[in-house]
Amino acid sequence: MAIDRRREAAGSGAGRQPAPAEENGSLPPGDAAASAPLGGRAGSGGSAEIQPLPALHPSGGPHSSCCAAAAAPSLLLLDYDGSVLPFLGGLGGGYQKTLVVLTWIPALFIGFSQFSDSFLLDQPNFWCHGAGKGTELAGATVTGRWGDMGNWTSPSATPFSTASWGTTSNRSNSSDTPPLPSPPGKGNNDSNCECHAWDYGIRTGLVQNVVSKWDLVCDNAWKVHVAKFSLLVGLIFGYLITGCIADWVGRRPVLLFSVIFILIFGLTVALSVNVTMFSTLRFFEGFCLAGIILTLYALRIELCPPGKRFIITMVASFVAMAGQFLMPGLAALCRDWQVLQALIICPFLLMLLYWSIFPESLRWLMATQQFESAKKLILYLTQKNCVSPESDIKGVMPELEKELSRRPKKVCIVKVVGTRNLWKNIVVLCVNSLTGYGIHHCFARSMMGHEVKVPLLENFYADYYTMASIALASCLAMCLVVRFLGRRGGLLLFMILTALASLLQLGLLNLIGKYSQHPDSGMSDSVKDKFSIAFSIVGMFASHAVGSLSVFFCAEITPTVIRCGGLGLVLASAGFGMLTAPIIELHNQKGYFLHHIIFACCTLICIICILLLPESRDQNLPENIANGEHYTRQPLLSHKKGEQPLLLTNAELKDYSGLHDVAAVGDGLSEGATANGMKTM
């Protein structure tokens with residue numbers, strides 16, 4: 001009865017109209033306004049948008065109304081997707097389209113940099129200098145781990161290793177390097193590394209790479225893995241640090257300074273005189289590359305209206321994959337690793353022009369209440385888009401004039417510690433990205449590893465393009481699945497596929513291996529290999545989608561004031577997942593099986609945790625922490641018409657307890673409200 005009295009009191013109040021039906025994760029307007037003085041988000045199209053919050057009048061007096069207005073800016077200005085973006089012409093404005101294209105172009109250069117390790121640090125086949133062709137063949141025959149070496153095209157051709165893509169870590173040698181040809185009677189591994197001069201057969205189209213430059217074989221092979229660590233660790237630290245800086249000083253300064261320093265460190269990498277200098281400079285190159293990736297991702301999201309965010313982000317992913325596919329041709333064209341490194345970095349010179357072309361994110365300026373700078377940028381954008389002042393039907397500019405004296409309010413990512421829902425959402429997505437990228441290496445190693453003897457997978461280019469093709473197919477499938485199932489449904493589906501592929505590979509293959517030992521079972525090692533490849537392809541396909549979708553999901557549900565910080569956490573988690581690959585390789589694959597089991601268990605945990613996430617499809621981006629808190633979980637299936645909710649809202653619980661009667665009168669609740677937003681009528 002107390003709830004009914006409160007509804008009647010709220011319905012009879014002046015100026016309190018029931019909000020339209022909402023089902024995608026927003027709280028009722030009254031409850032949102034009570035807990036968030038800064039206001040919420042407003043939608044402009046249909047019931048799928050989050051509705052504007054009415055002004056808060058807790059006690060009904062004029063004095064309290066003035067205090068509320070002084071405490072928070074106009075809700076119209078915080079409603080960027082519903083008011084400011086339509087005034088600027090949305091994505092239909094010519095200048096906004098130009099800015100989106102400018103965020104796509106660097107994705108090609110980023111793709112080159114991200115996959116450069118596969119060529120710069122590929123472990124080649126090697127033999128002692130002066131050993132004849134017959135000795136090489138004899139060595140290959142004695143060791144028995146290199147497959148068929150008789151497919152040379154000419155006497156001068158170099159035998160290719162059948163190692164896994166980019167590494168030789170799957171061999172059983174304790175030195176983690178291919179064995180040297182051993183003369184008869186000297187078959188022990190200790191004698192394989194007694195040579196002091198080497199000849200190399202590089203598989204990646206280069207005449208010389210980092211390994212052959214400084215003889216990183218035998219006792220020095222561990223330095224290759226350290227060089228791989230350096231780029232990934234630089235990316236991890238870069239995501240965490242540049243994300244916080246971008247939320248404090250803006251996206252544009254971080255982007256431009258990252259471009260300047262990646263040019264300095266990246267070009268200096270090509271001039272390295274030893275592997276220590278190479279690894280150190282690669283750390284700083286990765287740090288700066290993280291700043292470019294992070295700021296471009298955030299700018300791309302913040303430029304787009306709700307319906308275009310995903311497809312525009314996926315276009316950037318496809319451009320980066322184009323860089324992955326073009327990388328072998330670029331390596332074959334350069335022939336030398338130093339030329340390749342310089343050619344990868346030099347295109348970033350074009351991004352220096354962004355200082356005069358690319359403006360600061362208007363959405364970030366509005367969210368952090370930098371209204372003076374926002375006004376100048378709005379006037380600049382309206383001039384570029386030839387927007388008439390008459391199109392400002394909601395009165396954005398008059399409201400902006402009233403708020404010019406307000407002081408900026410910037411927020412750091414550490415503020416999420418005091419939230420209730422926002423930190424939970426970010427942690428869940430961090431675990432998802434860590435699991436997706438971590439288990440991806442397990443599937444890749446199973447397919448490209450030494451236990452699978454398939455001729456197609458015994459060539460560097462076959463391995464490389466197989467991985468790239470699986471990633472491309474994953475992104476294409478992600479576009480279709482997210483369109484029909486939404487962000488949360490798509491993430492849940494791909495995580496279930498990842499878990500199934502992992503569990504079947506761990507359990508079923510061991511069972512097949514036991515039966516293959518019995519001659520009457522009809523099972524053989526070839527059957528096991530085929531199943532392993534099939535499960536690995538499915539696992540790589542699904543885990544790549546899990547990692548990519550987790551990053552995008554985080555960008556949508558994290559408020560604008562801390563979006564780069566939240567993105568940095570999820571991308572850094574993805575980096576930790578990738579870091580497990582060189583760690584396992586450094587230990588010569590010891591603990592690989594346990595590594596796979598741990599990530600398989602994580603997939604089961606993630607399936608449960610994904611159900612706690614909200615759905616962000618067609619929703620306005622949250623602008624401040626209060627908006628982000630109001631993204632609440634909703635059921636996967638929508639409520640049926642006339643169905644009563646099983647849970648009470650926060651406002652109803654307050655009123656039922658009788659502890660907040662004054663606030664309850666001010667918080668009007670429409671008849672269609674549920675615990676997960678607004679019920680569809």
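We number each residue from 1, going along the chain as drawn.
The backbone N, Cα and C atoms fix where each Cβ goes, glycine too.
Pulled from TrEMBL, these are the features on record:
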REGION    1-55  region 'Disordered'
REGION    162-188  region 'Disordered'
COMPBIAS  165-177  compositional bias 'Polar residues'
TRANSMEM  229-249  transmembrane segment
TRANSMEM  254-275  transmembrane segment
TRANSMEM  281-299  transmembrane segment
TRANSMEM  311-333  transmembrane segment
TRANSMEM  339-358  transmembrane segment
TRANSMEM  464-485  transmembrane segment
TRANSMEM  492-513  transmembrane segment
TRANSMEM  533-555  transmembrane segment
TRANSMEM  567-586  transmembrane segment
TRANSMEM  592-613  transmembrane segment
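Listed as Cβ neighbours of the transmembrane segment (567-586) (distance under 8 Å, sequence separation of 6 or more from its ends, same chain) are residues 167, 169, 176, 222, 225, 228-229, 232-233, 235-236, 239-244, 290, 293-294, 297-298, 413, 426, 429-431, 433-441, 445, 547, 550-551, 554-555, 558, 592, 595. The stretches the transmembrane segment (311-333) and the transmembrane segment (464-485) are in mutual contact, each linked to the other by at least three Cβ pairs under 8 Å (pairs 6 or more apart in sequence). With a cut-off of 8 Å on Cβ pairs spaced 6 or more residues apart, the transmembrane segment (339-358) and the transmembrane segment (533-555) reach fewer than 3 such pairs and are scored as not touching.
Residues of the same chain lying 6 or more positions beyond the ends of the transmembrane segment (533-555) and with a Cβ under 8 Å from any Cβ of it are 297-298, 301, 310, 313, 317, 425-426, 429, 432-433, 435-437, 439-440, 442-444, 446-447, 452, 454, 457, 467, 470-471, 473-475, 477-478, 481-482, 487-488, 490-491, 494-495, 497-498, 500-502, 504-505, 508-509, 563, 566-567, 569-571, 574, 577, 606, 613, 616.
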